[in-house]
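Here the structure comes first, spelled out in structure tokens, and everything after it is commentary.
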Amino acid sequence: MEMDAAELNLKATELRLGLPGTEPSSSTTTTTSKISNKRPSSDMINNHDEPAPKAQVVGWPPVRSYRKNVLQASYVKVSMDGAAYLRKIDLNVYKSYPQLLKALENMFKCSIGVYSEREGYNGCNYVPTYEDKDGDWMLAGDVPWDMFINSCRRLRIMKGSEAKGLACL
């Protein structure tokens with residue numbers, strides 16, 4: 001039983017150099033190629049004059065500092081005493097302390113209370129604190145909102161009993 005070359009399909013198993021999905025040209029001076037039924041590469045689909053579209057940046061995975069500057073976002077980590085997970089929020093989304101505190105209450109399913117200049121968060125189960133640029137922990141609400149946005153590095157919702165030393169007197 002002899003098989004001829006047409007039956008063996010030697011062309012399909014031939015080793016050759018070139019991009020996947022292209023056929024080698026018959027002439028060595030021209031580089032034209034024929035597209036086969038294989039899936040083309042992204043280089044073959046995209047026109048080289050047009051840049052590929054960029055993926056939209058989202059809050060998770062963590063946003064690198066060069067992306068923060070491009071997006072004009074102020075992402076900070078938020079932790080809560082007793083919670084096993086951290087969150088990340090963009091402070092520029094909120095326009096005031098009450099909006100931020102409401103969002104934190106919804107995020108962690110807790111009750112924070114209302115800030116008072118005289119008593120702070122006195123009597124509340126949970127107290128929002130933040131770390132400023134200098135590494136000091138302060139009560140959220142002690143400084144004007146714009147100053148808070150510019151100096152906040154991370155937020156922590158502490159138990160009210162642990163935040164006694166942070167209250168302004």
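Even glycines carry a Cβ here, placed using N, Cα and C.
Going by TrEMBL, these are the annotated features:
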COMPBIAS  34-45  compositional bias 'Polar residues'
DOMAIN    73-160  domain 'PB1'
REGION    14-57  region 'Disordered'
Notebook entry, point to check: For the domain 'PB1' (73-160), what does DSSP give as the number of helix, strand and coil residues?
Noted result: 22 helix, 27 strand, 39 coil
Checklist line | For the domain 'PB1' (73-160), the mean pLDDT of the predicted model | finding: 88
